[in-house]
């Protein structure tokens, strides 16, 4: 379904008539109506037909629509000089055409715009674990609403843990997160975990998010949720990890039995 937002009945009618050959069409006459309509998620694209609007208003309208929801936008406007077109694209439009564009071209470009959107990988939603919020696409994390200043691998580590809250990652899992197939050593894993702990404002003995699972590894979860006696020194199978291994200070990791 396509939403047509127009600043004139006649202009909107032409675009709607052309597009209804291939799409179901809804028409609105105000930005407020358009923002409310696209928030429901049922539209695959917007045709913004603003023949009488000034160049600044066209770009501002595109920007507000993009802010309301990420959706393909094709703009029909009389402002077709290079500066105007660049401004409209920078605002977030996917296409910019004159209102007099032939109907067959308008339909073809709309189809192409919708097809490109369908082929794009979906944007991963924000991940929220307690007071921790992570935006994977922007590579931004906040805690209690405050921005966390994370280095690249610190963010990679936090993101991997947060994508599977409650799942225990062993040392091999963490090495793959940090270095892919490259093994950079046991001590370096400890260093990155310790740095991340400090930036989350916690220590190993009193974790808020990063919990050592005795004998197994590390997991992210909000303290007090579903721990079941498995964290710290309380339980779990013995193996290459001890409770202090992902902690602070100069404690040395214990080697796996039989290594």
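Keep in mind that glycine also has a Cβ here, set from the backbone N, Cα and C atoms.
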- Query: Given 198-228, 229-259, which one carries TrEMBL's region 'Disordered' label?
  - Reply: 229-259
- Task: Would you mind giving the whole-number mean pLDDT across the domain 'OmpR/PhoB-type' (124-222)?
- Result: 88
